[in-house]
Amino acid sequence: MAGGLAVMGDLEANLKVADAMMFGSSELLEAVGGMWEPIFRWALDRHANGTVPDGFILLGFSDNPRLEMTLFMAVSVFYTVTLVGNTTIILLSHLDPHLHTPMYFFLTHLSILDLCFTTSCIPQMLVNFWSSDKTISYLGCAVQLYIFLGLGASECVLLLVMAFDRYVAVCRPLHYAVIMHPPLCHKLAFLVWASGVFGTLVQSPTTMKLSFCHHHQVDDFVCEVPALIRLACGDTHVNELQISVIGAIFLLGPLLLILVSYGRITQAVLAIQSQNGRIKAFHTCSSHLAVVFLFYCSVTAVYIQPRSHFSQKGGKFLTLFYTVVTPTLNPLIYTLRNKDMKRAFRRLLGKDRMSSEE
């Protein structure tokens, strides 16, 4: 229950920031607070001095209103499924003692990340699809960029941590409880969130300092780094190099280590004599591997070369995929293909029925 309350707290904080985007600077500083306050105070000072634009226009698919209405309905459904699915995973993982394992501990963090990640961008996206006003304030864009980039970097590291957990479970099953002890799991979780803070503090400030073209039209649904780099009229070689380095650290690096871990897992699975044992080991890892494939393929195509022809033409569709579709598929993959989750859900329903009869 404490985990559920924490998630609600994260959602309320995100909604508070979203509301502050539409009001004054004092409300925004109060919403972000803490370690973010100096950064946004700097942005407010630049805005007051007239060195930054008042806002941006998120074009999206504004040239196709019919498609926007279709996307509005589709994204609304996906977002609802994301909220329900991830909240269910979090509640089940905390309420059912059988799920108090490292795998579901990290799965809970993945669900929290997906909830915060989607809430940081999808409400703004839905407003743009529905309304003819596509503008977002400079400060609102900065807040969205910091949150969006930080949570994205955290998810990259979290998927690597989850791959390590699966490697230990399959390749070192007799030592699993000793290696993946609770203190190590909490340290890895701290590393996940700290890496997101590091990633966004390195990339976001330099992106917002760019000299943007006067039309201020962002050819995307959200304020993300590749789209803002394409909007810049000055020299962006340093920013492109920086995002390539950050992409190598948070995308290619973890992806390479994940592939190495699954190479070892494959060797261990093939060495299992029992066919049932091989099938069980495969199902243990297949859900995580599917999530890795969906997330990394779309994000890598956008972030490694932000000014590439493919990134410019297909960037909006890929952004739509990894901000809307992937967070929706994650809970479906982990629940529909996971017997432990199904059993936990049945046990929870069974308890509800017993209590209602009493």
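Cβ coordinates are placed from backbone N, Cα and C, and glycine is handled just like the others.
All TrEMBL annotations are machine predictions without curation.
Listed in TrEMBL for this protein:
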- 71-92: transmembrane segment (TRANSMEM)
- 85-334: domain 'G-protein coupled receptors family 1 profile' (DOMAIN)
- 104-125: transmembrane segment (TRANSMEM)
- 145-164: transmembrane segment (TRANSMEM)
- 184-202: transmembrane segment (TRANSMEM)
- 241-260: transmembrane segment (TRANSMEM)
- 281-305: transmembrane segment (TRANSMEM)
- 317-336: transmembrane segment (TRANSMEM)
Next item on the list: Answer yes if the transmembrane segment (184-202) and the transmembrane segment (317-336) have at least three CB pairs under 8 Å among residue pairs 6 or more apart in sequence, and no otherwise.
Entry: no
Notebook entry, point to check: Taking 3+ C-beta pairs under 8 angstroms (sequence gap of 6 or more) as contact, is the transmembrane segment (281-305) in contact with the transmembrane segment (71-92)?
Noted result: no
Notebook entry, point to check: Taking every residue in the domain 'G-protein coupled receptors family 1 profile' (85-334), what is their average pLDDT?
Noted result: 86
Notebook entry, point to check: Are the transmembrane segment (145-164) and the transmembrane segment (241-260) near each other by the rule of at least 3 C-beta pairs under 8 angstroms (pairs 6 or more apart)?
Noted result: yes
